[in-house]
Each structure stands twice: as structure tokens, then as C-alpha cells.
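Enquirer: Straight from TrEMBL, here's the annotation block:
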TRANSMEM  77-95  transmembrane segment
TRANSMEM  107-125  transmembrane segment
TRANSMEM  137-154  transmembrane segment
TRANSMEM  174-192  transmembrane segment
DOMAIN    342-624  domain 'ABC transmembrane type-1'
TRANSMEM  380-401  transmembrane segment
TRANSMEM  456-475  transmembrane segment
TRANSMEM  481-501  transmembrane segment
TRANSMEM  559-586  transmembrane segment
DOMAIN    656-880  domain 'ABC transporter'
COMPBIAS  885-907  compositional bias 'Acidic residues'
REGION    885-973  region 'Disordered'
COMPBIAS  938-955  compositional bias 'Polar residues'
DOMAIN    1032-1314  domain 'ABC transmembrane type-1'
TRANSMEM  1076-1100  transmembrane segment
TRANSMEM  1147-1166  transmembrane segment
TRANSMEM  1172-1192  transmembrane segment
TRANSMEM  1257-1278  transmembrane segment
DOMAIN    1351-1585  domain 'ABC transporter'
Amino acid sequence: MAGSQYPGLDRFCGSTFWDYPLLDSADPDLTPCFQKTVLVWIPCFFLWAVAPLYYLFLHRHNRGYIQMSKMNKAKTALAALLVLVTLLDLFRALWEYTNGVKVPAVNFVSPLILAMSMGLAGFFIQYERLKGRQSSGVLFLFWLLATLCGIVTFRSNIRVALLEGGVSDTFRFVTFYLYFPLVLTELILSAFSERAPLFSEANRDPKPSPEESCSFLSKITFWWFNPLVILGYKRALERADLYSLNHVDRSDHVVPAFEKEWQKERQKCHSSLKQGSTTGPERFESQDAKVVYNGPQGAGKDKSELIAGKGEVEIVEGSESAKKCNPSLFKALVRCFWPLFAVSAIYKLIQDILLFVSPQLLKLLIAFTKDKDIYSWKGYLYAVLLLLVAIIQSLVLHQYFHGCFVMGMRLRTVIISAVYKKSLVVTNEARKSSTVGEIVNLMSVDAQRFMDLSTYLHMIWSAPFQIAVSLYFLWQTLGPSILAGLGVMILLIPINIVMANKTKQLQVKQMIQKDARIKLMNEVLNGIKVLKLYAWELSFKEKIEKIRSKELQILRNTAFLNAGASFTWVCAPFLVSLTTFAVYVLVDERNILDAEKAFVALSLFNILRFPLNMLPNLITSMVQARVSLQRLENFLGHDELDPNNVDRHVARGPPIAIEDGTFSWGKTEDPILKDISFAVPDGSLVAVVGQVGAGKSSLLSALLGEMEKQHGYVAVRGSTAFVPQQAWIQNATLRDNILFGKRLNNCQYKEVLEACALGPDLEMLPGGDMTEIGEKGINLSGGQKQRVSLARAVYSDSNIYYLDDPLSAVDAHVGKHIFDNVIGPNGILKGKTRLLVTHGISFLPQCDQIMVLVDGKIWLLGTYTELMEQNEAFAEFIHNYGNFEDEEENEEGDPTEDIGVLVDDDPSLPAQNAEEDNPITQARRLLARQMSRDSRVRTTSMRSDMSLSEKGSQRSLHRSHEGSPDGLTGKLDGIAKPIPLKRVLSHEQKCQLPQKKEEGDKLIQKEVAETGRVKASVFVEYLRSVGITLSVIICLLYCAQNAASIYSNIWLSEWSNDQPINGTQDIAKRDLRLGVYGALGVAQGVCVVLAAFCSAYGGIRSSLHLHNKSLLNMLRSPMQFFDVTPMGRIINRFSQDVNIVDTVIPMIIRMWLSCLFWVLSTLFVISFSTPLFLAIIVPLALLYYFVQRFYVATSRQLKRIESISRSPIYSHFGETVQGTSTIRAYDRGEQFFFQNQAKVDENQVAYYPMIVSNRWLALRLEFVGNCIVLFAALFAVIGRETLSPGIVGLSITYALQITQTLNWMVRMTSELETNIVAVERIKEYAETPTEAEWVVDDNRPPDNWPSEGKVNFNSYQTRYREGLDLVIKGIDVTIKGGEKIGIVGRTGAGKSSLTLAIFRIIEAAGGDIEIDGVNISKIGLHDLRGRITIIPQDPVLFSGTLRMNLDPFDSCSDQDIWVALELSHLKDFVMGLGAQLEHEVSEGGENLSVGQRQLVCLARALLRKSKILVLDEATAAVDLETDDLIQSTIRTQFADCTVLTIAHRLNTIMDSTRVLVLDAGRIAEFDSPQDLIASRGIFYGMAKDAGLAS
């Protein structure tokens, strides 16, 4: 009897449990016992199994509580009814039992289990509400299972009733039909989500993501994403349309978790370092050696105690291993992300198992077509099962992918924030080993690689699992013959590994070249103005192209390797099936290759193909990630600035104290400062003076903790503010630059603007203080940048101020104003401790102490009076330089005028200052005596200055608004605007902010995202750059490969239909079949290799073409382009976008072509086997097309928004790296770190929908693919009478693969569209407007031009940009050869514009300029700029040798260079360098002082020996003696040249032949200085203001 299989269950039910004949019939059914046990228990067991875990999960993740809603009441009521209905069954059984009816145990057990389960479901409905769960996956699955199991009983009950003509157990019949609709209703209700919890974040969020509140069903099908896709299809998406980031993906959630793990790793490292060092009460550790301070550390002691009681210092050597301990980033990441990884692993496992169900169903289907006696319902069942398995597989697979991508996204967030945080604290020595470019690469490229790897990572275990299971089923199908195929696979693995290793080596090489290229690009962009002025673009273009060609050579080799690899990929599965089939049929004549064996094996081989293909990819990806991990760990393991370099926890004592300090820039480098000991009293002003390179700036760096303290002790008490020598300005509004993260206090802000003389500048800037400042302060003049930097310091209201020569870049009277109102004894900062590095001698008498540094040591330290009396050398120096101070420095007018004003006339001075015994007063008197001995002192200047301060407020400023060029390049530091020192303002007036103007043109133009479909012209451009013929050849080769592939499968199908002869093979036929099958395989391989080689060649060709075209165009862009385009954006085009064109696009095109042909061949094969299929191709194709169009529109726009939101991360980062010392000085690291996180989140806001859109698409496409599988199977079942098993096998094998391919097809189409945007972006930069031609061949000036140096301006007019006012308005002037001309004028008068005009940085708007009779607008720019010379205001150097910086074209001999160095007073310095002329200059010339850089620029000018020299305030950053030397060099070496000097300080031009005074873009006066003073015009007024005329 059939029931004897399960006797226990039979007794339990009182009837048969399993009845096979009942199932295997034309009208199949399951036994009542099976229905009451298995079908009832499945949902219940599921619920009870997950209940404990689910309860814990809900308990831990409380989201706030949800108010009772109608739906919730309904769900609870239904659950209660279900408990009631199931209990009715139980009560019925009890009633029957008490009435003596024999009741089987199942009638008690099943209702009880069911009732308890329904009760549990009801409990969860309420518990979820209390914990804020809006939708429940667990309950949805429970109701779904209950419904599916109920359907079987539903049908069975009706079938039995119809067969028996009535119902045997009416009560249970009725309760079941009550129970089923209730369960179905619960299922429907659970597909919707509840309202949001009270007080949840979603209520506060302006654009909450629907994902957080959507139902389980919506989540797994990504239905919640529909509105965005539809919107994206209707119109181009904008940033405002995107949803907020889910809380769990935001930086503030992800980063702290990682930080915790990372700290643990560092702690481990630290503890391993600590072993081997002696114990002591206090220790300051560095990684190489430990300095342990034994003894009292001074809190609350005064300075003498503090420094005396420091105790002795031991140096404890670290152990060897300890020195090299780098914390493991990998372990930290694993600990941080394992839960996500584990969840996606479960999904992957389910998907892998389901993968092998399809081949088994295929086997059953082929058997079904062979055996015509099988009931036809089985065929339909198999077809439906194929569909169901495929759908479940799709849902699970995409949850897996989604999990992986989200993990990748969080990984990126974490890595960027770690790199950013590290870059804020890394030492200067470590900074040298990683340039800005390299660190940006860590954030962009290396972080990206981790993201890419996160999707592959599960293949580490999944691939071997899939391979093992495939082999198991293959063994069952073909027996030991598969070992042959396995052998081929194993042989291919080492080949793949060798290729992967080779690829890795090439990758590392390519990264090195790419880093070098980006670094050079970075510098070229930083110094683009200098390149243009010197006409050096070609030299640097060649340099970049040289690196680029090396990079492309490596890419070429990589591409050829990949071509080889693709041969093994395409041929691997084929070789495997060929060898297996060959061995199978050759081993034994009785082995017949029939359809079932051939196609089941083939579909298993197809499954096998994926992990085998993925392994090389996985290996490459892992290798890349390993390289990236190494790079990241190296960077994150760099030494950090030791917080103990400076003791900031001092409670009492002087605000600044150093004892016996020796400091260097690196642990291993020679000390820069030696034996420094001094203390600064509270509230005093200390001046630090010394020659270029004496160590003045280094002293401030040491106090900021930026230098390595080799020994000694530094204590600083209180908050610090720092004004660096080269102002660091952010790309933000002027106001944000000054507030620097502090709250706006109107009164204080207004006072700071007034004191820093920024008022007049604000009037000239287009948007007042809300004007956006370009990167590196591009639209501010040097003086304005410096004043903004100073204003930032003053506004910060710190205790201690480090001022590194803040007055060098501003004009004389402005310098005086700033000293009086900000720095000096009566400035805003009085009472603060100030350390002022200066070259301005006139300020020294007003300082409390003066420190003179010589060669890194303190030579003198004391008050001005002491030094003047006790040190003759100092007194002589002051005597020599003090009196014509203005000729040398731009800080001040004649020093005596200060004394006059400050001692006698300044009403704001405290009364006691007039007393005799006041040291400051004495110092001033002394200085006055010192000066009066000098015959050149102008006694009247005191009076003149006095009157100036009185009349200053009424005097008109003659400032022209038209003259200011949009604030773009107009330098706003005029010569001598008299600035009233203190005006008495009412409180209201004081606190009124400058009126906000209508925002002018934003300077930095928003990066525009192209919208809509990528234009065909972009594809055409790309194809052209590849070569049209080559493109056609590639397509034909792919076509041929697919033809061979299809034919080989049709051949296999016919082979499998060959009838055996007496159970054995037909030998002759077999050999033919095998031979042709093999030949077709070889043909495929050949086509693929050829196609790969061609596309590799084409890709490289196009890379070269696109890069060089846009590089040339960019170098030829006018200056204005660089003013309005942030560097980060240009760098982004040349790194990210070029990288896409180099590596991504060729790969995508290859994959796209192979997908396209594969889809076409699949449709062909299915239609060929079952022509009925043609009927549904059209509707499916339409559905497919719509899904794909919807998706591509949205995805492309998301990609664009994402690219644009990526640039600010890198721009902000580049900015931060350049300003680290300022950020640290103000202690704003935290704030910048949060800004960086906000920018990353902003980027992820666009990236997350990109991930979701891919999943959204894939699910819908797989649905289309699953329909194809269903119909292929259905038509096979319908037409089984006419079809051969071989054809059915062929058709379904192809159909099973189409899902993946369709998916890839659209993904590749959209990837192609989204990535081809890179070509569009590079192409855009290849078509921006350019300057005039570099060389005009038919109009070249004579070789010796200009021989005389005569310059004529003929009615010359110019403006900065179209649509702006003229800045120079019709100038007529003739400058004779050899004349020395000074050019002066107030701010906005057009001084700078005039020099820019001579070099044609801005072009004429009318009139022309002639040099030696040649109209400069008619000749090429290089002919012009290469023959005249400028020494610019900002000295720019490039990384490379010193020689390259002086002579990039190698046109001068070494001897010429040495002569130039000697004349520019650099010879001794260069001789002292180890490598001399080959000395490596670091990025931006960082390893030379600003003064030395200025001297290098002088040497450049000397080497060019041109007849015309333009000086643009070229000596601001050097000390007085050097300035003297430069001036004398210029006078002697350029004696017969025409010299045009833009003077911000009049004394530099008092010995000129003539002076040109500009006012509002017109000539006001033009004569010799003496005559101009005599005529008492504008120049006389300026000279008087500067104390040069009485």
C-alpha cells in the first residue's frame, strides 16, 4: 500500500498521507492529510522560526510610535477573527471527541498551531506599530505562504465536492471558506504601508525618501522609485527633484562607526609601539623615537618655573618593528561593514541555489517533449515553474546587488572622510611624499575602486560554490568525461593569473604616470598667467604630452593583454564543452549524445561560464583594491603633527614661551631654527625682522606646531589667529572668508571692515561683501587678499596673533592705516599678544620688543631704544634704511611723520603716553633724533601728515567706478587713498552692514549639466577619433563571431537528434560532427581576438586625439576663462573624464557590441525553433523599449548631476590642503571636516538614486526576459508534437540566458550614454573660445625686434570682457626707447590693465599699440610675449629643476644661467645646494622662500635680455637690502632698455625719466617726476600723501 511509506503520519491523520497515483493522473490532487499537515504547518513554522530574531530586531530598532490607523485596526481585527475561526475548528474537534466520535490527532494539533500563529501575527501587527515599523516583510511573507498553501486546499475542496456530489464535513468546509478570504485580505493589507511614526525625521525632512516609509512589496520591487523615473522621463531631472539621503547612509551615521573601529586599530598599533619604551609620568611619542619627559610638567607655574622644572629628557629608541607599524584599514573596514556583507551573502546563497533549478527543469521539459505519454499539465507546470524560479531569482539577486552597492557607497564615504581628516593633521615632511594631486587621487580613484570591488567581493566564495555544484550536476549528466573539460578550465586559470598580474604591474605604472600628469596640470593651471606672460605654453604642453604618451604606451600594452584575455574568456566555455563532448563520444561507442545530455550540459556550462569569467575580473579587481589599500594605508599611516610640539594646556605664565628650541621641517632634516629661547609678555607687540631666509616665517610655524621640535619646550596659552605671508582665500563669499565659520556680529564685523580698510573695496566689488571670491582669491588683488586674511584674524577675536608680513602686499598709506588701526599700540588688537614678522622698519619704534633673526638664531632681542643704544650694527641699519623707507618698503611714509602723528597729534593715545619715562615715547624721540641727523629728512612732512588726517575725510577720493573691471582683475589697492583713521559714528551707523548690492555676475560659473539625450555629434566625434573604417571592421568581426556561435549550437542540436544504430554511434557521422563543431569554435576565437585588437587600437587612438586637442585648446584659452572656471573642474576633466575615455569607454563599447549581437542571435534562434515566438516579439520589444527609454533618461541625468556634485568635494579638498596651517591655527579642523562630509553627502544624494535606478531597471527587464523564457517554454509545450527535443533544448537554453543579456544590454546602453558624457565634456573644453594665434606665419616680426624699445599707444581702448565698461579710454602716448617710465594712479585707474594690454592678455577694444613700429595686434602672441619681459607681482615657480624654471626651452648655456643668478644675488644660495642647477623645486616652489622665488623671477628676466621690461610691484616680498640689490641690478642691467614700472609705492619711480599718471582709464598727467611735483597736480597730491613732497 502506498501509505506504508509514512505510517506515523498516516496514523496521525487517520488517513493516507501520500498517494502518488492520485498525483500522477490527468486530474491531480493532494491527500487531505497532506493538506492538513504540511500545507498548514509551512507558514506557521516560518513565522515561529523567525519570530525570536524579529522580536529582537524590533526591540533594538525603535523608530518612535505610530498612531492607530483604520488600516491597523482592520489588520488587528482580521487577525482576531482568524484566531476565532481557527479556534472554532479546535472546539469542533473537542465537541466531536466528547460526543464519542473518533477524532484524528491532526484535527487538534493543526488548528491549535494555526490559532497560536494567528495570535502571534496579531501581536506583531501591534508591536510593529509601537516600534514605528511602517511595513513588515516577515508578516507579508507569512500571509503570502498561508495564501499559497490555502489555494491548493481551496481547489481540492471544490474538486472533491464536485466528484462526490456533496460535502462530507460541512462545518470545516465553511470555516475554511471563512478562513481563506480573511488570510487573502490580510495579504492585500500587508502590501501597503502605515503612516509615518510621530516625531520621526521624515516629518522634518523637506524631501524625505519614500523608501523609508514604503511597503515591503514596494521595497523589493523598487516600486517607490517610480515617481522619480516618470519625472525624469517627462523632463530633465534637477538636483531639487532628488530625495534626501536615508539616515543610515549619511556621513554622520556611517563615519562615527568607522572612526570607532579605526581608533581601535590605531590603539593596537600604538600599544605595540609602546612596548620597549620605559615608563614615565608623561610621554610625548613619535613613531621613531620616544621623548619621555620625567618630572613636573608645568600647569599653573610662571615661566621661570615652567621652563626650569621641566626635568631631563630621555630619548628612548623604538624597536624596529614598532617603527613600521601601520594600522590595518582592511580590518577596520571589515569590522565596520560585516553585517551588511553577511546579509547580502545570504541573498547571494539563495540566488546561487536557485540558479541550478532551471537546468533541472530544462531536463524535465526535454524529457516531456521526448515522451508523448506524459500528461500535458506537467509541461505547463514546468513552464510556470521556470517563470516562478526566475522571478524569485530576480528579486533576490537585486536585493543582493542593492546591498553590495550601498555598502560600496558607504565605503567611499568612509574612505574620503578618513583621507580628509588625515590630510588636516599630517606632518609637512609626510606632505612632501604625497602631493595634492596624489591625495585627490586617493579620494577619487582609490575610493572608487573599493566601491567597484564591493560588488565582486562575494564571488570569492560564490564562484567556487557555483563551480562545484555545476560540476556535480555535470558529472550526473555526462559522467567522468567532464574531467576533461575541468582540466581545460584548470589550465586556463594560471594563464588568467599571469595576465592579471601583468595587468596589475601595468596599472601601477599607469597610476604613476597619471599622478605625474595631473600634478603637472595642476601646476600649469596654477601658473597659467605666468605661462602666458612668458609664452611658455609650448614647453609645458610638450612636457604634459610626453608624460601622456608614456601613459598611453602602458594603456596600449594593457589593451593588448585584455585582447588576449578576452580570447580565453570567449573560448574557455567553448573549449570546455568541446573537450567534454569529444571525450564523452570517443570513449565509448555506446555513449550517445542526445538532446537531454547535450543541452542540460550546455546550460550548466553557461552557468559555469559566469564564475569562470568573473574570476579574472575578480582577481584584477582585488589586485587593484589591494594596490589602493596599500596606498591608503601608507597615507593614513603617515606621521601626524605631534600635538605635544606645543604645550597648549598652560594655565599661567607668558602667552608665548620657547626655551632652548631647535626646529626642523622633518625629523631627519637639518634644523632651520636653533637655540631659540624667548618669552612674550601678555598683550605686547613683538616685531620679528631679518633677511630673506633668516627663519622668520619658520618661527611662526614652530609656534603653531607645524615644525618638528627636535628639542626644547614651547608653551602657548590661549587661542591663536594666523595671517600667512601668502593669503589663503577660500572659494566662498568675501563675508564667509572673514567670518570663517563664526557667527555674524554686525558691530564687530563693521568695525573689522573699517579697520582693515576694506570699505572702499566692497563698494567696487559687484556684490559687496557677498561677492563670490574665485579659487585662490583670483578676483582679488594681492593687497585685498592680504587684507581679507587679516580681517579674518581680527574677527576671530583670538588671544594671540601671528602676523607673517601682512603689510608687504598693500600700498603705503593702506599699510600705515592698518598698522595704526589694527596692529599698532592703538589698533583694534591692542591688549592682544602680537608677533609681527615685518620688513617695515618704520613700525619698529612702536613695537614693545624687536627680535632680529640671523640664520635661524636670535641675534638680538630687546626694545627699540635698547637696540639702538647698545648695538651699532642695528643702529646703522636703521640709519641707512629708515629714512628712505618708502623707497624700499611699501608699509609706510616717512617714519618721522608717524612720530609726529602718534606722539603729538593722535587724540586717541592714552594721556600717559606723553610722559617722558614711557619707553615707547623715548623710542620715538630717539628715532626722530636719528632721522634729523640725516640731511634728506623733510621736516615739513609732519605737518603735511597732520593736515592729511584732518582733511582726509573731506578730500574726494577720485575713484572711478567705471574704471573698475567688474572686480575681476582690477587690482583694488590704489596708491594713496587718504583713509580717515577714526570717524565718530553713532552706534546704529556703526552696526549697519554695507548695503547688499544686486548680485553681479557670479564670478565662478556654475558647471552646467548638459540635459536630454547625448547629441549624436558626440558619438560621431568619438567614432571619428577612433576611425570610421576601423569602427565598421570591428562591427563586422562581432557579427562573424556570433554567426559562428549560433551555427555551432544549431549544429549541436542536429547532432543530438542523430538516431543511434543499434544503440551505438555512426562513427563517420560522429567524426564529421565533432570536426565541424571544433572548427566553428576556433572561428569564434579568431574573430574575437581580431575585434579586441582593433578596438584596443582605436580606443588608444581616440584617447590621444581627444586629450591633445583639448589640452592645446585649454592652453590657448584667454585668461578670462581661467578666472571664471575653478581649477578643480578643469582637473576633473583631465583626470576623471580622460580616465573614462582611456579605459571605461572602450570596454563598454566592446561589451555593448557583444550584448547587442547576443540578444539578436537569441531572438533569431528562438524564432527559428518556434516560429510562434515571432508573435510576441513585438509587444515584448515595445515593453522593453519603454522601460529602457524611461530608465536611460533618468539615469543619464542622475549621472550628470552626480559628476557635477563630485567636483566640489575635490575642489574643497584641494583648498583645504593648501590652507591646512591656517585651518589648524584657528582650530577649525572639525568645522572643515563637517563641510567635507556635507559635500560627500550631497554627492551621494545623486549617487544613491543612480544605484536604485539600475536595480529598478534590471528587475523590470528581467521580467521581460522571464516572459521570454515562459513563452519559449509554453510554445515548446504547445508544439511538442512537431518539435524535436534538440530544437526545444536549443530554444530554452538560449532563452534562459537572455535575461542576463537583456539586462546587460540596457545597462551597457545607458553606461555608454552616461560615460560618453566624458567625451562631451572633454570636447566642450576643446571648443572653448581661444586667444589669438600664437604665431601668425605671414606676419612675423624681424628677428631682432624690438631693437629700440619704443612703445606707442594710439587712441588705445580696452575692456575686460564683452559687455563690461572700458577700463582704458583712448590713451595716446609715445614712450621712447630706453626710457624709464613709472605708471601710477589710484585703484581702478587702469595701471594693471595697461600692462595686460601690452602683453595682449586683454585685447584692444579700439586703437592699437605699436612697439618699434610693429602693430602688436597683427603679430602672433608668442612672437609678442616671447620678446618682451615682465617680472610679475606673484612669483610663480613650477616643480622641476631650478634650471627648467629659469629656461624651460633649454635655449641658454649654463654659463648664461650662472651669470643671471649672480646678478640676481642667488649664486651663493644655488652654489650651496647639493644639486645646484638641477635642484628639485617642489610643487609651487614651496621649498624656496617667497623672496627667493622673486629673485628667480628676476633671473628669468635677465636671461631673456629683451628691450622692454615691465615690473609689476616686483619687490614686495624681499627685505630692504635685497630690494636695494634688485633695484641696482635693474638700473645697471636694463640701462638701455625701456622699463615700465607699475608703482604701488612712489619711491620706486622717483628716479624715472617720466611718470604716467592714470585716472579713470585716461591719462591725467605725463611728465618727469620733478615737473609733475612742481605743477602741483594729482601726482603732487600722491607724493605729498606718501611724504615725498612738501
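Glycine is no exception: its Cβ is also placed from the backbone N, Cα and C atoms.
Curation plays no part in TrEMBL annotations; they are all automatic predictions.
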Enquirer: Considering only Cβ pairs within less than 8 angstroms, which of the stretches 656-880, 1032-1314, 1351-1585 has the most against the domain 'ABC transmembrane type-1' (342-624)?
Expert: 1032-1314
Enquirer: So which of 137-154, 1172-1192, 1257-1278 is most in touch with the transmembrane segment (107-125), counting Cβ pairs under 8 Å?
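Expert: It is 137-154 that shares the most Cβ pairs under 8 Å with the transmembrane segment (107-125).
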Enquirer: Verify whether three or more Cβ pairs under 8 angstroms connect the transmembrane segment (1147-1166) with the transmembrane segment (174-192), leaving out any pair fewer than 6 apart in sequence.
Expert: no
Enquirer: Near the transmembrane segment (137-154), which residues from the same chain, at least 6 beyond its ends, have a CB less than 8 A from one of its CBs?
Expert: 30, 35, 39-40, 42-43, 46-47, 50, 54, 117, 121, 124-125, 128, 176, 179-180, 183-184, 186-187, 190-191, 215-217, 219-220
Enquirer: Take the domain 'ABC transporter' (656-880) and average the pLDDT across it for me.
Expert: 86
